[in-house]
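Undergrad: Below you will find the structure I want to go over with you.
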Amino acid sequence: MTSLHQVLYFIFFASVSSECVTKVFKDISFQGGDLSTVFTPSATYCRLVCTHHPRCLLFTFMAESSSDDPTKWFACILKDSVTEILPMVNMTGAISGYSFKQCPQQLSTCSKDVYVNLDMKGMNYNSSVVKNARECQERCTDDAHCQFFTYATGYFPSVDHRKMCLLKYTRTGTPTTITKLNGVVSGFSLKSCGLSNLACIRDIFPNTVLADLNIDSVVAPDAFVCRRICTHHPTCLFFTFFSQAWPKESQRHLCLLKTSESGLPSTRITKSHALSGFSLQHCRHSVPVFCHPSFYNDTDFLGEELDIVDVKGQETCQKTCTNNARCQFFTYYPSHRLCNERNRRGRCYLKLSSNGSPTRILHGRGGISGYSLRLCKMDNVCTTKINPRVVGGAASVHGEWPWQVTLHISQGHLCGGSIIGNQWILTAAHCFSGIETPKKLRVYGGIVNQSEINEGTAFFRVQEMIIHDQYTTAESGYDIALLKLESAMNYTDFQRPICLPSKGDRNAVHTECWVTGWGYTALRGEVQSTLQKAKVPLVSNEECQTRYRRHKITNKMICAGYKEGGKDTCKGDSGGPLSCKYNGVWHLVGITSWGEGCGQKERPGVYTNVAKYVDWILEKTQTV
């Protein structure tokens, strides 16, 4: 007979199953709905695996001593349910909970924890003697194939194996089993933390097929989505994508995930309509989120249909998919009926598949397709979210713009800047006119009021200034510079990086952009003590050029401001960010560079177009 305790739990979950449930339930097991079983060292890691699994909504983790059979310890059972709920039963040692797919908080794939006296089993393919577990984890992070490791400490029973570091991998990226073993420490690679020193190759190579081992294949609308899938696949190191124009129809939109023993492609074959590239899992500072935000016009995604709803516009269709815990992708058909345009609704088809990708992609049927944005909120270190000097600006509050820093020289505010990595600040080159050495510079993070800064305020010293070698004046372009800090900063709610723009989102339409800084609020005003903010619209380069006929507005610049004036950056805001929110993630779209006056009518502010310098930024931050 079902206990009252179980019935109450069932009613509770029935009311919140489509919402965020963060609580875990000890000595409770979900019954049925099994998708697969993996092994994880903790319930927290089990939830992480569930969250990033394409279909997992619930999980049950079998803790140590949960069974008389030790081979069942540390089992992580991934589950799904059409109703998003499952019945629960009492089970000693079981820990159950929900995926974080529907939760607003950030959940990183990064796991820095190490597990004492646990041996995570896998394919042992490399062994070496190292000083400690930290060095072993670093070796794993800097090895292309390594997913996790086990280190034998100085207390390991076998003297011959002490200080031994074993690098491991499996097909799934999780251990095949986990056992208790005294004197060892196990943990995971920190590649997903953005801490690998391996080469990061961001180029996508057209007309190229990589002829190496295919470990998996999925259907994708373009090479950028294919690359993101490869990046978050446990064993993919590089890929080949066949475009819509590929001659063999059955292979169009096919994304081939690949690996090799050496970690690099062995053979490149030139073929039209194929594109190839590399996983970005190795990229230091900025492993991309598993998120596909774009819309694909005249494109139908095929898959298992979950629901059909009438909505107004593809954005609403995408939001409906995102709010449905099981929806992975969608196709929206606009209405062509003769009716009031303002009330016209189209049909939104919510869909899913076993691997989270369409089973097939078709064109020419009038659909607009895209993906759920539910994983766009996952934390890749820089996916900072906030709630919403600036001439016409308003005062900011602590934690609202955590990437904004103030650069000081001679105990006074010089310029603004943006945190893009734990040792890197991006700012404007013109800020350093006449400054020969970085030794006098101070960088303050987490500051809202300049009056807060005194001799006891913590700051970062600058190790190196890197100014673009083509910079001459702000008006001529290339107004961009990097500061490398002497020591790495710790990220907090008040001091975090902002994401760089993605090449894959180069056609993104930014409708929510803000400028921030401590500059003058009028041309002859006073420097502001409190960080100012103002929302500004972007202005096309063509229109901006008509406002500045004496200057050349290039594609390496971007303009923003109101036609009537009133809100703009001003002297003292230089180097600060033009931050734009796109699909819930803030991106550094511009760097405050130059303009005429402050908030003058028909004189928009001119900013360095960061998207045009991403390759330069990555080159400098990864080689210095």
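Numbers here mean position along the shown chain, with the first residue as 1.
Note that Cβ sites are derived from N, Cα and C of the backbone, with glycine treated the same way.
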Undergrad: Considering the candidates Cys431, Cys499, Cys513, which is the cysteine that Swiss-Prot reports in a disulfide bond with Cys580?
TA: Cys513
Undergrad: For Cys46, which disulfide partner does Swiss-Prot record out of Cys20, Cys56, Cys76?
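TA: According to the record, the bonded cysteine is Cys76.
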Undergrad: Annotation N-linked glycosylation site in Swiss-Prot: match it to one of Asn355, Asn449, please.
TA: Asn449
Undergrad: Tell me, in order along the sequence, which recorded positions from Cys140, His430, Cys431, Asn449, Arg547, Tyr548 have their CA within 10 Å of Asp479 (active site, charge relay system).
TA: His430, Cys431
Undergrad: Nearest to Cys291 (disulfide bond) in three-dimensional space, by Cα, is which of the recorded positions His430, Arg547, Arg549, Arg550, Ser574?
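TA: Considering only the listed recorded positions, the nearest one is Ser574.
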Undergrad: Using Arg547 (heparin binding site) as the reference point, find which of the disulfide-bonded residues Cys140, Cys200, Cys283, Cys321, Cys431 has the shortest Cα-to-Cα distance to it.
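TA: If we rank Cys140, Cys200, Cys283, Cys321, Cys431 by Cα distance to Arg547 (heparin binding site), first place goes to Cys431.
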Undergrad: Spatially, and counting Cα to Cα, which of the disulfide-bonded residues is closest to Tyr548 (heparin binding site)? Options: Cys56, Cys136, Cys431.
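TA: Among Cys56, Cys136, Cys431, Cys431.
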Undergrad: In whole Å, note down how far the CA of Cys146 (disulfide bond) lies from the CA of Cys136 (disulfide bond).
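TA: That comes out at 11 Å between the alpha carbons.
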Undergrad: Please report the distance from the Cα of Cys327 (disulfide bond) to the Cα of Ser574 (active site, charge relay system), rounded to the nearest angstrom.
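TA: Distance (Cα to Cα, whole Å): 44 Å.
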Undergrad: Please list, in sequence order, every residue of the chain apart from Arg547, Tyr548, Arg549, Arg550 whose Cβ lies within 8 Å of the Cβ centroid of the heparin site.
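TA: Going along the sequence, the neighbours come out as Gln545, Thr546, His551, Ile553.
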Undergrad: Take the domain 'Apple 3' (200-283) and average the pLDDT across it for me.
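TA: Over the domain 'Apple 3' (200-283), the predicted model scores a mean pLDDT of 94.
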Undergrad: Nearest to Cys544 (disulfide bond) by Cα distance: which of the recorded positions Cys200, Asn449, Arg550, Ser574 is it?
TA: Arg550
